């Protein structure tokens with residue numbers, strides 16, 4: 001990850017409006033991972049990541065920042081909800097499964113990268129195997145044994161290879177030997193995922209090396225053989241070692257809904273999924289060793305980013321030790337009407353662009369006028385103020401309601417409007433949403 005903080009923020013700005021403080025914090029944290037790797041080994045071990053707590057109402061961009069960060073980082077990344085975990089000893093998932101999932105994500109990411117790297121070699125090997133299955137039908141008895149042995153360079157083989165690449169043989173059926181799959185689906189009870197994974201690995205290893213002959217169309221066989229050849233070219237042990245290092249040195253964990261496990265006031269009871277979960281998170285964030293399929297993973301240098309709306313609780317309701325392990329606090333601001341308007345216009349693949357392109361597939365063209373988007377933003381803000389504030393997610397509800405009739409009758413409208421676009425202006429928005437927005441009872445249930 002060699003992007004500078006300024007470049008990271010610039011990339012995040014393409015997708016997320018506002019929230020500059022949060023973007024700067026995650027950009028610095030991400031850049032610090034790269035800076036740490038440039039240090040001498042003895043000093044590198046001492047530099048630990050500064051974990052982040054993002055505080056802000058729902059729908060302002062906390063989760064979206066995490067999603068975009070995952071794509072930018074090119075590092076093992078996992079997003080989890082704190083509410084899915086229970087204290088050790090109770091039925092449910094314990095927090096150590098976060099690191100096991102992160103290890104799985106790292107292995108999957110590196111395997112995909114390695115398969116891309118060996119793709120051309122795998123394709124060549126797969127083509128050779130398909131041609132070996134095809135060519136006995138093309139040979140004639142007058143060929144000598146020597147000629148058959150050198151058929152790899154023969155004109156016939158080259159001709160078949162050309163036709164195979166052009167897709168002319170896709171529907172031809174061949175018989176080919178492929179690895180026998182011993183995958184077994186096991187329904188895991190809550191908290192037993194690790195044991196289930198081990199059982200599945202056991203069954204998979206039992207079937208390793210077994211092969212069976214199958215009749216397939218060339219197109220299906222080529223894909224199956226290509227995947228098999230790519231898997232054969234990938235060194236699994238080397239891959240696991242790389243994945244282990246990637247998790248320990250570059251891993252990022254995003255814990256959403258952290259406010260839902262905060263203890264609110266003096267609530268009695270067992271508090272299984274609240275304070276117990278927080279206390280289980282402490283060693284994970286501080287640094288401990290977790291057993292995974294890659295081996296023992298040290299969590300000392302994994303970056304943790306926690307986020308929560310904190311509507312019904314405060315950050316101070318978290319246990320003090322957990323507060324201390326999340327030293328960087330970032331507050332995300334509630335969205336203004338201007339923010340809503342920018343969200344509709346500016347981001348790459350904005351909501352309006354998505355609807356425009358979706359309807360274009362039916363031959364229907366729609367255009368959003370600036371005053372129409374401004375009015376839509378005002379209504380979104382008003383409804384959020386009057387009812388529950390769900391942030392930018394309100395725009396999804398409003399746009400779906402606004403374009404409901406157009407989406408339903410898109411095919412008919414396309415034939416009547418020909419190439420003339422439908423204009424979504426302020427008058428159109430008012431006629432479809434104005435009354436609903438003004439009536440608080442209606443907007444509470446419909447918008």
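Keep in mind that glycine also has a Cβ here, set from the backbone N, Cα and C atoms.
Feature annotations, courtesy of Swiss-Prot:
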- 17, 59, 60, 61, 62, 63, 64, 256, 321, 393: ATP binding site (BINDING)
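Shown on the structure are the features that Swiss-Prot records.
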| residue | record | Cβ neighbours (10 Å) |
| --- | --- | --- |
| 17 | ATP binding site | 21 |
| 60 | ATP binding site | 26 |
| 62 | ATP binding site | 26 |
| 64 | ATP binding site | 17 |
| 321 | ATP binding site | 14 |
Problem - Span of the ATP site, taken as the largest CA to CA distance across 17, 59, 60, 61, 62, 63, 64, 256, 321, 393 (Å, rounded to a whole number) - result: 33
Practice task
Name the secondary structure element type, per DSSP in three states, that contains residue 60 (ATP binding site).
Solution key: coil
